[in-house]
Number of protein chains: 2
Amino acid sequence: MEVQAVDYLAEERGKAAFDVEAMKVVWAGSRHSLEVSDRMARLVASDPVFQKDTRTMLGRKELFNNTLRKAAHAWKRINELRLTEEEAEKLRNFVDEPSYVDLHWGMFIPAIKGQGTDEQQNKWLTLAYKMQIIGCYAQTELGHGSNVQGLETTATFDPKSDEFVIHSPTLTSSKWWPGGLGKVSTHAVVYARLITDGQDHGVHGFIVQLRSLDDHSPLPGITVGDIGTKFGNGAYNTMDNGVLQFDHVRIPRDQMLMRLSKVTREGKYLHSDVPRQLVYGTMVYVRQTIVADASIALSRAVCIAVRYSAIRRQFGSQDGGPESQVIDYKTQQNRLFPLLATAYAFRFVGEWLKWLYADVMQRLQASDFSTLSEAHACTAGLKSLTTSITADGIEECRKLCGGHGYLCSSGLPELFAVYVPSCTYEGDNVVLLLQVARFLVKTVSRLGSGKKPLGTTAYMGRVEHLMQCRSDVRKAEDWLNPSAILEAFEARAIRMAVSCAQNIGKASSPEEGFSELSADLVEAAVAHCQLIIVSKFIEKVQGDVDGQGVKEQLQILCNIYALSLLHKHLGDFLSTGCITPNQGALANDQLRALYSQLRPNAIALVDAFNYTDHYLGSVLGRYDGNVYPHLYEAALKDPLNDSVVPEGYDAHIKPVLKQRFRVSRL
Amino acid sequence: MEVQAVDYLAEERGKAAFDVEAMKVVWAGSRHSLEVSDRMARLVASDPVFQKDTRTMLGRKELFNNTLRKAAHAWKRINELRLTEEEAEKLRNFVDEPSYVDLHWGMFIPAIKGQGTDEQQNKWLTLAYKMQIIGCYAQTELGHGSNVQGLETTATFDPKSDEFVIHSPTLTSSKWWPGGLGKVSTHAVVYARLITDGQDHGVHGFIVQLRSLDDHSPLPGITVGDIGTKFGNGAYNTMDNGVLQFDHVRIPRDQMLMRLSKVTREGKYLHSDVPRQLVYGTMVYVRQTIVADASIALSRAVCIAVRYSAIRRQFGSQDGGPESQVIDYKTQQNRLFPLLATAYAFRFVGEWLKWLYADVMQRLQASDFSTLSEAHACTAGLKSLTTSITADGIEECRKLCGGHGYLCSSGLPELFAVYVPSCTYEGDNVVLLLQVARFLVKTVSRLGSGKKPLGTTAYMGRVEHLMQCRSDVRKAEDWLNPSAILEAFEARAIRMAVSCAQNIGKASSPEEGFSELSADLVEAAVAHCQLIIVSKFIEKVQGDVDGQGVKEQLQILCNIYALSLLHKHLGDFLSTGCITPNQGALANDQLRALYSQLRPNAIALVDAFNYTDHYLGSVLGRYDGNVYPHLYEAALKDPLNDSVVPEGYDAHIKPVLKQRFRVSRL
């Protein structure tokens, strides 16, 4: 099948009322960031080793081996090309295949950086940066994920030999899930209960060598393996998530990570004077990257769905002319455009979180812990909200592509499967929302004390106004006013928090009340977090934005984001009396008008993500829109098409067709 | 690892306040149905050929071949054991692996039955029933799914040879998606535009032989293959969904399915006197089975999540005692129990649809078409609603199992991937809801005409009362009154439909208005369909129900179903003024109380589904609750664990660990 070099989306691109190149800079965060991303994406896309179009067809072993090959090749290229750390990270990112490398750079090294003494960092980071050792992060166990304090692995200090004895006392204490552990890592940061002289000091980190650096075989006392197939084709099956058991494994005392607390030669347990709050800094950092990743993942799915919705035609043919593009259907717009707006919203809140992290670290260094609990709650909530919405949003984009979205060649099934664990890891999303809620209830309870709420809870300082204000929206266009939107979201959030706090007050005890009302508390936390995202989007739009028409597009997206949330959570806004049913209906009218404004710019708005066809990995989302010949081509590559008559014909089809059963009733 | 024969859920089972065996009969529909299901499920579970525990680890070819083997073995057993049609169908169902067999029995044979003349049925069904031919259903094309009238394949009558010439004029006209087509089917019912003497008569069905019955090779002019990997591990990758192109393939005239219309020897196109409405009967039948399947799929996921939620403990340990079972957390209950209630709700509405189908067929035979459009709209809506909620519900159950739900050994990833296409096939769910909405708007417009609305729209006859009534709920328990629930749901549904109708009336044309307001119309359709399900559940509870405590449990489930919907769609109820914010809060209070009532019965309520461990296919959902040793055991079976040092070590890991890059900046 010959493929023509035609841009089937050229007409769509011509409709854009804004400067796409300028929007690319806005999306990337800076001209520099765009340039580096663009260069690294093309580098990966043009290298045949990094091809990924048959990934979803491979069996587990073949797939895993292929990932090892890519990881080694990436490391080689990074060194040959003398890439900077920023470039190297982006290159690894565009390789777009989970592997041990992610854990080595993303968890093992940061853990040692955060929890190791200067001496420990000197020793271990030198090896790790050169990949002379490969490390992973062994925290979760078969029986314990969310509740870190309940981990069962023990590290018992033996003063005789000056060693810790790492041990797995039960089956459920097996380390379970750590990425890179199963087959690759030579070392791990292992979390275990520290025991000295019979006393349990809780969970601490230890550097443990797992495999011989000579022949890669597990060291004595170590049982290690892969935990098996995970959700989806390709996806995380490229990763050796592992299981690990210790049978009294001895490590030197200096392999306990001792920056925050240490065990002396005599077996004494001591805290250092480094503030323990530093741990929260790391948490803010990790969650900030997760929010940034959410906007990437969602924007990839949206890019595919928007492009294919402009290519796909169905129904509505008049006089034998072409059928309607499905992107012109209001039902399609009503599902797709809010997700497009959400991708941008998440991008900007992620950008703001980078600032927040820098701010928190600066304060920590100055021993200013005043903003910490607010920053902690805020990042917990944003991690939860953005990952849940992104996971659901990818699946919605898949459905918006009709039947073909179910094919792996659409790229969407793998995108979903590889993304969805982020709803569970680094804090289960519901557990995190309960943490936010706890913080909100506490903030509410202190409102009378004269202490002003900080940061993203500052609006709560205006509690009196927000508890009794009523929206003055009178016509649909009034909803375009940012202050109308902001006040409605603020009023809703604070009223839900206050109502929860009041109801908890009626319970026999606060804990009892908190537990009984936890479903309501989760909803209050969601309302608060949505407000944060809406307000950061509004701030972005109100700031300096370069490029012809760019600000206007962001304004439209911002309004779509806010008003679609308002419609989705109408029950909250009405039950708290923030708006009237009629004002809700006006918001909906305005939303429809905004869809019409967005429509001609939709393709250009996803072009602004600047994704290569390689990175998107989707026949449906091709830049040139030339979908159908490539769907056909992708199908032909399936192993089942190696032969026209399938291998099982003689054994399992012919007998069915030719057999005669005398005994059958049928 | 030794596995003990202990029932870890025995204590939970002891808490049940009702007769589980009686509930099994209620769930199965009858004692007979329970007995047959139970017997067939055990037959499959005990046969080693039907094992499926390593299915998700197989590569595509191996997987497909294994499915062929199972299908052949099932056919052999069905004949050897002289199973009845009912037994055979259940056996195939418990094999639980999509294959060509499903399409042969579920689409090919019914299509010939429905559209073939007596003569055609005699000839082709005789062969098909004995599987001397294997057939599939070739309707959708690369460029056309939802819009059947837009299909491009042509069947041109050639009066010279008394044949039809089947042809694929474009790439997009390739048949695409039909299950069983790619590698197995010898025949297909092909849908193509009938052309006689230059005139296009629209889409008709034709029986076309695709492959030689001697050696299975495609016949001349036929290009056929597999369309490639689909979403998920195992899942639909066991099926050879196919692509098919015709290059002027000739078939005899008598292979056009001629029950409803025919082409004479002279090339004249004639309609028969068989009413075309019969087609709708088939549609009602197919959708009824889809709704029944929804309750099965959702109940499987719920069964796994409920059992594991009772086994899994996390947080809340006091004084070193065991941690809390996660099923005791209100946030868990708030997500899980409504899904448990929904599974039952779908079961009962599915049962009612069986009755509806029988009723429709009886009327059709008597040429009574009066209920047809209502039945058509109702089944379209229920198909849409139940499949969407089930797909989302399975994924929610997976998340409710924490990290381990992401492992294929949990059974949930495959359950999701294999289920989710039902949101798209047999009518895209949003397209179907728009059909329902169109019917509702029409019904509203006729309310003044004196013609009484029928069946599930009968409540609209009370429009005057429902447009102005207000709920008289004053305390939480008032929401236990079925008539309070019913009236709120009826008022909400009719008010949304009337509001849509009024807004359409304001548009420049009805079509314009319908298109512009289609997102609102979808919501109105959902409200109507939820009312149907709620009302059928209430009818079930109010009817005869045998067994100690069974009725009481159904009552609790029914109330949870209705009140959780009310909470989820609170915006609808408030904006239409059906209830007040305070009444909404009372419903929520009552919901929490109902969760507490359900809690001790949760395990028994999923035991009542009577699923074998084989059918569930989930380590987390094991009947005996002995989860952890089996998770470990399942992991060991992964191909990656064939060797401790992975195959790629020498080629791709060692070089990384040992290489020294002189040029690196890092």
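A Cβ is built for glycine as well, from the same backbone N, Cα and C atoms used for every other residue.
Here's what TrEMBL has on this protein:
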ACT_SITE  B:Glu426  active site, proton acceptor
BINDING   B:Thr140, B:Gly179  FAD binding site
DOMAIN    B:19-134  domain 'Acyl-coenzyme A oxidase N-terminal'
DOMAIN    B:136-247  domain 'Acyl-CoA oxidase/dehydrogenase middle'
DOMAIN    B:280-441  domain 'Acyl-CoA oxidase C-alpha1'
DOMAIN    B:481-658  domain 'Acyl-CoA oxidase C-terminal'
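What TrEMBL annotates, mapped onto the structure for a quick look.
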| residue | record | Cβ neighbours (10 Å) |
| --- | --- | --- |
| B:Thr140 | FAD binding site | 20 |
| B:Gly179 | FAD binding site | 24 |
| B:Glu426 | active site, proton acceptor | 18 |
Tally of DSSP helical, extended and coil residues in the domain 'Acyl-coenzyme A oxidase N-terminal' (B:19-134):
90 helix, 0 strand, 26 coil
Going by DSSP, is B:Thr140 (FAD binding site) part of a helix, a strand, or coil?
coil
By the criterion CB under 8 A from chain A, which of the recorded positions B:Thr140, B:Gly179, B:Glu426 would you report?
B:Thr140
Could you state the CA-to-CA distance between B:Gly179 (FAD binding site) and B:Glu426 (active site, proton acceptor) to the nearest Å?
13
Any idea what the Cα distance is from B:Thr140 (FAD binding site) over to the residue listed as 'active site, proton acceptor', rounded to a whole Å?
11
